Amino acid sequence: MALRLSFMGTPDFSVPILHALLDAGHDVVAVYSQPPRPAGRRRLKLIPSPVQNAAEERSIPTFTPQTLKTAEQQAQFAALSVDAAIVVAYGLLLPKAILETPRFGCFNAHASLLPRWRGAAPIQRAIMAGDKETGMMIMKMDEGLDTGSIVLSRSIPITDTTTTDKLSNELSYIGAELMIETLSTLEKGQLKLIPQSKEGITYAAKIKKEETRIDWKKPAEFIHRHIRALSPSPGCWCNMNIGGREERVKILESRLATGTSLEIGRIEPNSLIVHCGQGRIEITTLQRSGGKILDSATFLRGAHISAVF
């Protein structure tokens, strides 16, 4: 039996789950997404979200309200008469009136092993913290911030080469599988809810602009995790002395290098091995401002670098 659903999501991460619902034969009668954002040099062009684009490709009615707190928006949502709302990285808080409207409630796919990393940036924070694993969880939403009871979960390892980009892609497809399984148990009346633990609660705050700049006084391991957590977007950056000129460069990939750190910010000759506060790190993929993404060997053929800061 197909369920009548609304879908709420915004970024690329959400799209595989929307596609999975449609491919499974569920009736997605409406999609909610964040409003189009200004883009371009003069920020005059409005760009729809990836979820809005995906919905319009499948001719699904799409709504992009600034808020769901008004009586008008809540009445519009209630008029959909959905069995359940599926929420994946939507970006708006759902008020009680919205949460209580669907027949079976609202179900959220969250990219962490709750209650660890509740909040906006669970993937990035897990990598930054050096967690050895993370996962995907489906929860039935309540009024709290990612505090709902758990329906299903699956964990995956975080390695020293894991980036946010790679992990997001893997978790989104896991989320799609778990959400389809959740709806199957819901249809059969076999849904089991497990309250979250009251221990081990942490919060994944949004990434701040100042966190994107590399502090070479930090240990190499810390910097390596930071680079992986913010790759490819917004990306870590530093200033480099290139041919006697200071340039801002985005660092997209790195690996830990052997050897003892000497002078902080020093670069080994003919390489991109940087001395950190403790240990050394090798930059392997980077991008000059306005330039192409390059591997270190290609970058070094066109640039002489004497220091980073």
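Residue numbers in this text run from 1 along the chain shown.
From the backbone N, Cα and C atoms, a Cβ is placed for every residue, glycine too.
Annotation comment: Swiss-Prot describes SER112, LEU113, LEU114, PRO115 as (6S)-5,6,7,8-tetrahydrofolate binding site, evidence class sequence analysis.
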CB contacts for PRO115 ((6S)-5,6,7,8-tetrahydrofolate binding site) [other CB atoms within 10 A, all chains]: 18
Listed in sequence order, residues not in SER112, LEU113, LEU114, PRO115 with Cβ within 8 Å of the centre of the (6S)-5,6,7,8-tetrahydrofolate site Cβ atoms: HIS110, ARG116, TRP117, ARG118, PRO122, GLY135, MET137, ASP146, GLN196, GLY200
Cβ neighbour count (within 10 Å, all chains shown) around SER112 ((6S)-5,6,7,8-tetrahydrofolate binding site): 25
Intrachain C-beta neighbours of LEU113 ((6S)-5,6,7,8-tetrahydrofolate binding site), sequence separation six or more, cut-off 8 angstroms: GLU133, THR134, GLY135, MET137, SER153, SER155
LEU114 ((6S)-5,6,7,8-tetrahydrofolate binding site) CB neighbourhood, other CB atoms within 10 A: 23
